[in-house]
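Novice: Sharing the features that Swiss-Prot gives for it:
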| type | residues | note |
| --- | --- | --- |
| COMPBIAS | 1443-1455 | compositional bias 'Acidic residues' |
| CARBOHYD | Asn295 | N-linked glycosylation site |
| CARBOHYD | Asn944 | N-linked glycosylation site |
| CARBOHYD | Asn1201 | N-linked glycosylation site |
| CARBOHYD | Asn1216 | N-linked glycosylation site |
| CARBOHYD | Asn1237 | N-linked glycosylation site |
| REGION | 1443-1463 | region 'Disordered' |
| REPEAT | 61-71 | repeat 'BNR 1' |
| REPEAT | 351-360 | repeat 'BNR 2' |
| REPEAT | 411-421 | repeat 'BNR 3' |
| REPEAT | 453-463 | repeat 'BNR 4' |
| REPEAT | 695-705 | repeat 'BNR 5' |
| REPEAT | 1079-1089 | repeat 'BNR 6' |
| REPEAT | 1121-1130 | repeat 'BNR 7' |
| SIGNAL | 1-21 | signal peptide |
| TOPO_DOM | 22-1325 | topological domain 'Lumenal' |
| TOPO_DOM | 1347-1372 | topological domain 'Cytoplasmic' |
| TOPO_DOM | 1394-1477 | topological domain 'Lumenal' |
Amino acid sequence: MILRRLLLAGSLLLATSFTSAKKADGPKISATKFKDEPVNLFYFDDSDTVMFQDGKNGDVYVSRDAGANWDIVDGGTHWVTEDQAKSWREFTVDAELSRYEYPLVFHGKDSNRVMLLGHKCKGLDCKERTYYTTDGFKTVHLLMENGRHCAWAVSTPTFGEGLDLPKEVNDRIFCVVSGLHSSWAEANRLLYSDRFFKDEQGTEVPLDNGRAVSGVIRTASVQKYILAATKSARTNELALFVTDDASTWHRTEFDGHRVEEDAYTILESTSYSLQVDVVSTYSSTIGTLFTSNSNGTYFTRNIKHTNRNLYGFVDFEKISSIQGIILVNTVKNWEDVEKSNGVQKKVISKISFDDGRTFQPLKVGKHDLHLHSVTDATNSGRVFSSPAPGLVMGVGNTGGHLKDYLDGDLFVSDDAGINWRKALDDAHKYEFGDQGSVIVAVFDEGRTDKISYSLDHGKNWHKASLPDGVQIRAKVLTTAPGSTTLKFLLLGSAKADIGMEYYIISIDFAEMEERTCEEKDFENWPARLNEKNEPDCLMGHKQFYRRRKAQADCFIKKKFEEPAPEFERCKCTEEDFECDFNFVRGEDGKSCIPSRSLIAPEGVCKNPDDKFIGSSGFRLIPGNVCIREGGVDLDKQTERVCSETFKNPPAGQIVVEKSFFTADYYKDYFYLERKESSKGEDETVIMITSEQHIFLSRDHGKKWKRILEEEKITRIEPHRFFDDVAYFLTNNGDGWYTLDRGDTFRKFKAPLPPNQDKLPVLSFHPDRRDWLIWTGADECNGNGGNCHSVAYYTTNLGGEWHFLMRYVRRCEFISRDARGSSDKLVFCEQFENENPSNKHLQLLSTEDWFAEKRLHYSNILDFATMQEFIIVAIRGENPQDSLRIGVSIDGKTFADAELPANVQIPIQRAYTVLESRTHAAFLLVTINNMEDHEYGSILKSNSNGTSYVLSLSAVNRNSRGYADFEKMQGLEGVAMANVVGNVADVENGAAKKFRTMITHNDGAEWTLVRPPDKDSEGRSYACSTKGGKPTDACALHLHSYTERADPRDTYSSPSAVGIMIGTGNVGDYLSLKSKADTFITRDAGITWEEVKKGKYQWEFGDSGSIIVLVTESTPTKTLLYSLDEGRSWKDFEFSEVEMQIQDISTVPSDTSRNFLLWGKEVGQGKKPGLATVNIDFSGLKERSKHIPFNLMDASSVTEPNITANGPTRIAITAENYSTWTPLGISANAHDRIMNGNKTDLLICSDYNYEPQSDGSCARVAGLEPLDPKLVCTENPKAIEWYEPTGYRRIPLTKCQGGKQLNHIVAHPCPNKEEEFFKKHPRLRGIGLFFVILIPICLAATSGYYVYNHWDGKFGRIRLGETGSGGLFDRDSLLVSIPVSMVAGVVAVITALPLLVSSLWRSVSGYVRVPGGASSRRPYSSRDSFAARRNDYTGVVEDEDELLGTDDFDDDEEGDERNGQMKNNGHVNEAITIVFLF
């Protein structure tokens, strides 16, 4: 305590005060010096109490006299004050404050209700924690863990005004939490609870028409509105949802404008509308201002090209206390800025007096005035205005556009911005006091020792000096909230002997000899004037203020009493109405038209031409108080036509649109798919034809238009990670791109032409849409041999390119989310010493654009990046050496992959990295690389990609390295592969024969595919299965990846969960494709059935509720479609002329009801050229019935053993998707994951172990397992290691409980014995003593009691008598039953060792058991038994009781008994009986 007082005294010595004032002539000014910079300065409302924090050491200072004197506040953990810092109360929480968000979230109407956001860490493992209090931190309770963001429903004082909200809304809390089974942002959910999440997980908020939506990234509260932003994967576009009652939500509509992540700003709004500024498509520093209707649903454009900065701040401010006046800055040369990021913006200022409907320039006489605003604000608080009625100030200049801040002067208006005049030369900070009676300004272009002030609305100015000649650089000039006091605070910095020192200067006008204002000194001032200079109406009233006249020589002196407006009602006009629900503004901006089909009264509309009385489309803005009598009445109900109640009425028919092109064929096509959070209804397709013409369709091929006609586009590059984006490239380095699915296009210029190494020209960033790497060709114009590739990067869509590296082969951005690395992590392949002739390709990485670089490998073949792994193929030192594999998870540390010894790999020349999304990497290691004879083995890694085991041998691959391997979309762990079934013959030069294999546990076990029982015509197949299981002679085989013309034509769909379609045959091998039939499965490949004879192309639609088939390679004019998962099929004629169909397509998610056929007419009456046919199933009537979605479980199938370990559980992994239900019924379901028994998902796949034919797991002969103790060195937190068993947990499994075959015998890690025995406590010491002693004591006590009360004591002989019938008679049940039980237990314990040894001998004769007797042959005949009877072990003497021999036999019977004991056959029989028992 003494030390603390000394420190306090020392700090107060530093705070030396100076005073300089003349009581009558100017303000009283005092200065307090501080060693370190004050930060976080704020006032308590309606008081002179001010606080700030020392910017260096965090000490808190408080002043109770508006900054004249300061005291330090005693420290502690967390403190709260309820009396303006007069007293403090300490509180604690078991967490550190949040680093990413403001830690305190306040209730809008109850100051005692607060949430605290924090986190608690154990080592590197941190969990977000949210706490709450309802009594001002007297008690603190944990709300939830891992809540990403929480907020009160009632977050503002105005929320719920005018609504009769339920009481529970006052307790309601919204929290953004991670997905059920995914931590990705697109899986986030919004939950709410009215009980602080007690005894509940919370309820998902029904954001979209009563349906929960995934991907919630943030919520925000503004005035009476709550907004929630959601984002889907693979797009930057957001969906915003809004509510004004915390219960009913609506999706916002921005008049066709896109809203993107980090590209919108919610501005200061009113109680009757929201203001949102949305970034323009091509510039992050130019926006468009939107204003909503009263419920925040429909937004209309107010003004385009608003000025904003990269931090999201917008030059927008509402004039304080006056409704409807808005000051904005816009960009005059917006076209030039959007064309090039290097163009300097020309900013101009505008003002609106009608709530943003119209804008006009600011005027100083006849000159336009432009003011610096929010984007370069130099003071705290509001930029232009305060509660002082009508007074507005700003720094700027007159002329054509805004100049630099240092070139500006101070301007003032006292009529709310209608007229302006110059107040002071040069830029100044400024503040208002005493309701505008006093204005203070301080020079803001350098150091100053004076302040300026005005007492007449800025017309005349006076100066006052700072005390003792102090010269400061002004940082903050402020006053109490409300601008009603005569006291101001000025914070500034000054030069010290060493470094800087800081001053807080108190400026007090209270002691100036100014009288108190009287009634004659005030005027009734209209807040808004119309074009006729008359008081204007807004929201049904005119607004007036009683304010001091500019020339009055008095002070108002009403401390903490803000001026109150007076209102005068007006008659209703058109401006008092807005569009009603389900209506939007028409193109004229005046009418309101239906946004969707109207709802007519029941029984009214029988014909489309009938009429009914309904909404006019308008309604009075809620809160508007205009006088209806004698005014406009736009919301009067009107007569409507019944045809408006049907928008796109179901026709019950399939609609066809055919289009023709002059080209012979298409080179490629791409879908730019609209995601759930994206606006609009487009289904965009882009095609490049054989003539290099580019066509675009926004309606899935119904109508096409040619785009970029003047450009010589040679290739189209869709963005790998964002489905809205595509690039159109030429051979000279010019290019175009679209960010909005072809709605608009913008040109860019690359630094070099595309490379000539047949490598990807563009590399895309997984998370940053605008970041690109361009690999171009340099020095390639002449015939010289120095042509090489050079990489450049851009972070603004090609607006500016920066050199990255030369002599590269390929560069890639590396995803940050899975690795926790920098988003600037880039990997490049570069030729060593920038010399391609040496053939040494280095793998380098950087996190700062190669200002510094890291060398990982000096001689690689290639590298591949996946969601979780970076895999590198490394060359050996000599050409004949095999390739090695390097693996990294974090992009920094690589480890060599350990390949299994039981895979015989020759000199390794090729690896194929297969799809790896289930926490394990799949590699195809080529075994035979001879042309047309290629095959290899699939290896599967552990969770860090370093240890591999054999998954499947002899997998087919082609000469390009692609393998017949495909994972099922939508389900974890299901995959199919084609293997070479005649390996021995292939090694001798024979052609390959294929068989299809399937796995349901992510490659741990593979089986042949079970064939259907009968074909599509009801006939049995020529071969037969064995007990329903496939055999080598009879299984289903399907054509796979290497035979596809388009690799996008996969077996399965991400939304048609569980369904796969393929072409193939039933038999011993896969036959020719020309002889294939078409098959379908609905249970993820467990059972199959033949759909049709012949080979068909297929496509899924409407999340699997529609399946379309069209013949492959055969001219046709009909297709087949099914609405019940392929159980029944219907024909549909799509063309009058037969067509050769090359492909059938739909959107990649398979959620559309539109399909597109690609081909050409070949029949009679054909038209030349390429043709596309759109098939639209949208007209089919939907059923209103809902069928629940069922979790598929392989155990529900009649087959007894799907895999060696029993029935397989299949888990749906999509977090939220529209899924199919039979008969064309669309439903929406969240995923469900069944956590299986752990034994089912532990497979014999540990390093150097392999499964045996009997199902056991054994180590490969001569090989050793990985050192199990490595877990202790690799993970410092590990406390134990386990002896290897050969079993390994499948990386994707979510199983819980059950047998842990991989964790049987545990040992402590070095120096972790204490933690180990805490986890695995042993019985020892006093505990062991009592465990032994207590049973003995109980037994002795019981025995003593029974001995003294039992009538059958030792020594008594009773011949032929029964017991006495007493309680403890020996025949009493109370005695006989316990005696029997004890005797049985003793007999079992005695016999157990003998029984086990006997069983071991029996079992070891039939089952191979490693070690022991496993090597002995079972006896198959009497002779074989007799030949080895000496090896048989006799039963020891003590076994007689076990086998039932009577102890009471006399000695003469002993020999006979002993002789019987030597009869090994009888003994074996007896033992067998006991074993069965």
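Each residue, glycine too, has its Cβ placed from N, Cα and C.
What does the local environment look like for each feature on the list?
Specialist: Around Asn295 (N-linked glycosylation site), the C-beta neighbours below 8 angstroms that are at least 6 residues distant in the chain are Val242, Asp244, His250, Phe581, Pro622. Secondary structure from DSSP puts Asn295 (N-linked glycosylation site) in coil.
If you draw a 10 Å sphere around the CB of Asn944 (N-linked glycosylation site), it holds 17 other CB atoms from the protein chains shown.
DSSP states for the repeat 'BNR 1' (61-71), grouped as helix (H, G, I), strand (E, B) and coil, give 0 helix, 4 strand, 7 coil.
Mean per-residue pLDDT, taken over the repeat 'BNR 2' (351-360), amounts to 90.
Residue counts for the repeat 'BNR 4' (453-463) under DSSP (helix as H, G, I; strand as E, B; rest coil) come to 0 helix, 4 strand, 7 coil.
Nonlocal intrachain contacts for the repeat 'BNR 5' (695-705), taken as residues 6+ away from its ends with a CB within less than 8 angstroms of a stretch CB, comprise 657, 659, 661, 682-689, 741-743, 1146-1147, 1152, 1154, 1156, 1172-1174, 1176.
For the repeat 'BNR 7' (1121-1130), the DSSP-based tally of helix, strand and coil residues reads 0 helix, 3 strand, 7 coil.
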Novice: For the repeat 'BNR 2' (351-360), what are the same-chain contacts with Cβ under 8 Å, counting residues 6+ beyond its ends?
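Specialist: Beyond its ends, the repeat 'BNR 2' (351-360) has Cβ neighbours at 270, 273, 275, 289, 291, 302-303, 323-328, 416-418, 528-530, 536, 538, 575.
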Novice: Rank 61-71, 453-463, 1079-1089, 1121-1130 by Cβ pairs under 8 Å to the repeat 'BNR 3' (411-421) and hand me the top one.
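Specialist: Selected stretch: 453-463, with the most Cβ pairs under 8 Å.
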Novice: Tally of helix, strand and coil residues over the repeat 'BNR 2' (351-360) according to DSSP?
Specialist: 0 helix, 3 strand, 7 coil
Novice: DSSP on the repeat 'BNR 5' (695-705): how many residues come out helix, how many strand, how many coil?
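Specialist: Helix (H, G, I), strand (E, B), coil: 0 helix, 5 strand, 6 coil.
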Novice: Look up Asn944 (N-linked glycosylation site) in the DSSP assignment and report helix, strand or coil.
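Specialist: For Asn944 (N-linked glycosylation site) - judged by DSSP and reduced to three states - the answer is coil.
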